[in-house]
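J.: Below you will find the structure I want to go over with you.
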Amino acid sequence: MNIIKSSPLFILLTILSCKSQTDSVARLTKSEQQLTELRILSMKQHKNPRSINAKGQVRWTESPYDWTEGFWPGTCWMLYENTKDEQWKEAAIATQHLFEQHKLLTNDHDLGFIFNNSFGKAYRITGDTRYKQVLIDAAKSLSTRFNKNVGCIKSWDVIGNWQAKRGWKFPVIIDNLMNLEMLFEVSDITGDSMYRAIAIAHANTTMRNHFRPDGSSYHVLDYNPETGELVSKVTAQGFADESAWARGQAWGLYAYTMCYRYTKDKKYLDFAEKIANFILNHPNYPQDGVPYWDFNAPTIPDAPRDASSAAIIASALLELNRYTGDKYINNAQRILNSLASDAYTAKKGENAHFVLMHSVGSLPHGNEIDVPLNYTDYYYLEALSRLKERGL
């Protein structure tokens, strides 16, 4: 009989690996139990949950259009994929159908957020070509907002928009990078290189103009749509024009990691690492890995934390970790351990049945401060799913 002797280090690594796998599964299970009541309520109301209102009740996505409306169906798809419970699949299909007609909208940039996270997952999981066509239609609509002079997709339409008073002509926000994933994906599934070309142009222009030397980003850049000239660098949701709004930094990290996934262009990988370095080594980055809503918030350490930024960062780091030899696994685990703790995870039946507490939507606008948010739970579950898939 052959006896294989294992070193203490090997045994420790094996135990830690098993424990992490157990943790990710346990946390997914706990999240599913919490979200089950929200699923039941959502199906009864025929609405998509977004957050909570002043009374602590579910705040539903807004009509006729809400940039967050795709996150709940996406969450349902992830839970279906993890549990194989048909009720989650049924909920995903029913709730994404509520906004399917928005695939034809050409007056906003958030179609990637909305459709890639819902119908994109639906197509990947089921292979149903109906979902593929919805994704293609949404990508066509999004592409109409690309301006060759600027080299970017326009974010908000200014006239009649919530930022109309700012007088911008062609605003591009850092968040917009996240919509590129849908363009890359549609380019791959159709073979049409136009979508990929737009995504690369937007990523490159944003890399060139949106970021400071230290790897931090501005929130809003305004361009002259006729000449492509950069007009201003400001903020809408951060503390100040020159501050580092936490979720903006998270979007950049996630997006350039994603750009590397689709292109294998090392400049995107290097840039993602530069952003990660800014976040993880910032003097105002808390020990528990859950950022303050802005890295330069004047009331730190009493400033509100933003669990949404933490969840996005954790998910991004787990993907970045795949390409960099496990450089970021400890940081991702630290964030997820914090989010899974009682400090951020709600007790069952509380928090209007959302999983995570303490997110910030837009503090300067007094909107969604210290509340649960559908996209916080979405990226938290995505991070846990990524951890589970890799057996870490």
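Numbering starts at 1 and runs along the chain as it is shown here.
Heads up, the Cβ atoms here are built off N, Cα and C, so glycines get one too.
According to TrEMBL, the protein carries these features:
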| type | residues | note |
| --- | --- | --- |
| ACT_SITE | Asp110 | active site, nucleophile |
| BINDING | Asp110, Asp175, Thr235, Arg247, Trp251, Ser362 | substrate binding site |
| ACT_SITE | Asp175 | active site, proton donor |
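Just tell me what is around each of these and how deep it sits.
T.: In the three-state DSSP scheme, Asp110 (active site, nucleophile) is classed as coil. The number of other Cβ atoms within 10 Å of the Cβ belonging to Asp110 (active site, nucleophile), over all protein chains shown, comes to 22.
Shown in sequence order, Tyr218, His219, Val220, Asp241, Ser243, Trp245, Pro364 are the residues of the chain, 6+ apart in sequence, with a C-beta less than 8 angstroms from the C-beta of Thr235 (substrate binding site).
For Asp175 (substrate binding site), other Cβ atoms within 10 Å of its Cβ number 23.
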J.: Measuring Cα to Cα, how far is Asp175 (substrate binding site) from Asp110 (active site, nucleophile) in Å?
T.: 9
J.: Have a look at the binding-site residues Arg247, Trp251, Ser362 and say which one has the shortest Cα distance to Asp110 (active site, nucleophile).
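T.: Considering only the listed binding-site residues, the nearest one is Trp251.
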J.: Which residues of the same chain, at least 6 positions away in sequence, have a Cβ lying under 8 Å from the Cβ of Trp251 (substrate binding site)?
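T.: Sequence-distant Cβ neighbours: Ile174, Asp175, Leu177, Met178, Ile312.
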J.: Can you tell me how many other Cβ atoms are located within 10 Å of the Cβ belonging to Ser362 (substrate binding site)?
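T.: There are 16 of them.
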J.: Counting across all protein chains present, how many other Cβ atoms fall within 10 Å of the Cβ of Arg247 (substrate binding site)?
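T.: Other Cβ atoms within 10 Å of Arg247 (substrate binding site): 26.
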